[in-house]
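Colleague: Sharing the record's features from Swiss-Prot:
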- Gly90, Gly92, Arg93, Lys113, Asp125, Gly126, Arg176, Arg183, Asp262: ATP binding site (BINDING)
- Asp252: active site, proton acceptor (ACT_SITE)
- Asn253, Asp262: Mg(2+) binding site (BINDING)
Amino acid sequence: MHKLEDLKFINSYARLPEAFHDRPMPAPFPQPYRVAFNEKAAALIGLHPEEASRAEFVNAFTGQIPLTGMEPVSMIYAGHQFGVYVPQLGDGRALVLGEVQTPEGARWELQLKGSGPTRFSRGADGRAVLRSTIREYLASEAMHALGVPTTRALTILGSDMPVYRERVETAAILVRMAPSHVRFGSFEYFAHGGYPARLKELADYVIAHHYPELAERYQPYLALLETVIRRTADLIARWQAVGFAHGVMNTDNMSILGLTIDYGPYGFLDAYQPGFICNHSDHRGRYAFDQQPRIAWWNLACLAQALLPLLHEDEAAGVELARAALDRFNGQFASCWTALMGAKLGLLETRREDLDLIERLLGLMAGSAVDYTRFFRALGRFHDPAWLPDLRAAFRDPEAFDAWLADYRARLGHEGREDAARLADMLAVNPKYVLRNYLAQMAIAKAEQKDFSEVERLQRLLERPFDEQPEMEAYAALPPDWAEEIAVSCSS
């Protein structure tokens, strides 16, 4: 494990021409203090956890005293926001410091979120508030523990500096990590802005640094598109399986690596509602839970359109190649999602006919507003007479559930497994704990009073979502009535 000064930064993105980024310096961040620190993320870059206690740590990761090799840049990109194309966006409050390369050869790009205004701030203050940084910090680590590809969070650094949103809040900086923060919108900017050479340069950069195995393909840019489609299908299937709604799936919030990125007004399902809208600014439900696969395809189509000049010199031929790649998305998503849901039901192998079993169950759950996480966690014990009454009681029509359960028993019978083995497998994929909005809100309320203990407690809990952790049982309870009044939006 390294000392802070031994971390060796490079910034490969900064080596690209000025058209790709700006070079602002981090704004002053008065009297900073540490709010939270993630030892698991620190281990990814070989940073010794004791280093987080040093003043130099806070100074380095608020951008005040750079470490060797740090070269801050803010990325430029465009994006479709709620379906409307915005030709220039960019990092309005974020700076990529550079990458740390591990002895194993992995590279982690470190980014400050909330570091102050940049050329892309569009008149905003370039700050993030404590509330939103806590939500992103906890969510990224919760999603990682659930097996969902995601950016990671190293630390939150706070300040008493006031930030003006719907109310006066305090400033914070989130240090987040990913192999890359390049987005679909990065390609859209150069494609629609009329910069074909820059578009090719960006694609070559992404292939060289993140998909080197594609470089020798006969059609490397088509292979890039196909790979991103496949990764995105896998990502969205995992969102749907764990009951996660992102809330703002603009193309500038879509990772070229298939990671969950830019946690804003997200939410995990409480009661199973297919049309769940977690973002109260999403008045038409464009980004509702059940719309996420469709929107992912739409966003991929935007990426494909941006890449058309690279797919074939003849536009019509390029369109056909893109369509063929996009046509595979639905099958890739369905295959992954069905396998994940089959595992949640304890099936060793998912068959085509199992889709009906899955969809019937979800229909029953929707009709009775059954808690998504708690039900699947409990379902593994349906064979136990002590558990079955509570399972039945969750449904408004217990007889309909009985009919489904009979078919489910018969399906399990074909596999001939012992109940204990099946239960163990189900407990390993059906979490007991997820980051419900009210849990995050309780941690935020304490943190705003300078008590960060609940942030740490939730972090430790969510690192082990599949473990019983009996001392934390209260965190697996149904949400309280007041939780329904929590509204989250893009304000951060």
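A Cβ is built for glycine as well, from the same backbone N, Cα and C atoms used for every other residue.
Situate these features within the shown structure.
Modeller: DSSP classifies Gly90 (ATP binding site) as coil under the three-state reduction. Counting Cβ atoms from all protein chains shown, Gly90 (ATP binding site) has 22 others lying within 10 Å of its own Cβ.
There are 23 other Cβ atoms within 10 Å of the Cβ belonging to Asp252 (active site, proton acceptor).
In sequence order, Gly79, Arg183, His246, Ile261, Asp262, Gly264 are the residues of the chain that are 6 or more apart from Asn253 (Mg(2+) binding site) and have a CB within less than 8 Å of its CB.
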Colleague: For Asp252 (active site, proton acceptor), which of the listed binding-site residues (Gly90, Arg93, Asp125, Arg176) have their CA atom within 10 A of its CA?
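Modeller: Among Gly90, Arg93, Asp125, Arg176, the ones whose Cα sits within 10 Å of that of Asp252 (active site, proton acceptor) are Gly90.
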Colleague: Under a three-state reduction of DSSP output, how is Asn253 (Mg(2+) binding site) classified: helix, strand, or coil?
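Modeller: Once the DSSP labels are grouped into three classes, Asn253 (Mg(2+) binding site) ends up as helix.
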Colleague: Going by DSSP, is Asp262 (ATP binding site) part of a helix, a strand, or coil?
Modeller: coil
Colleague: What is the number of other Cβ atoms found within 10 Å of the Cβ of Asp125 (ATP binding site)?
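Modeller: Within a 10 Å radius of the Cβ of Asp125 (ATP binding site) lie 16 other Cβ atoms.
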Colleague: Within a 10 Å radius around the Cβ, which one of these binding-site residues has the most neighbouring Cβ atoms: Arg93, Arg176, Asp262?
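Modeller: Counting Cβ neighbours within 10 Å, the top one is Arg176.
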Colleague: Largest pairwise Cα distance, Å, within the listed ATP binders Gly90, Gly92, Arg93, Lys113, Asp125, Gly126, Arg176, Arg183, Asp262?
Modeller: 23
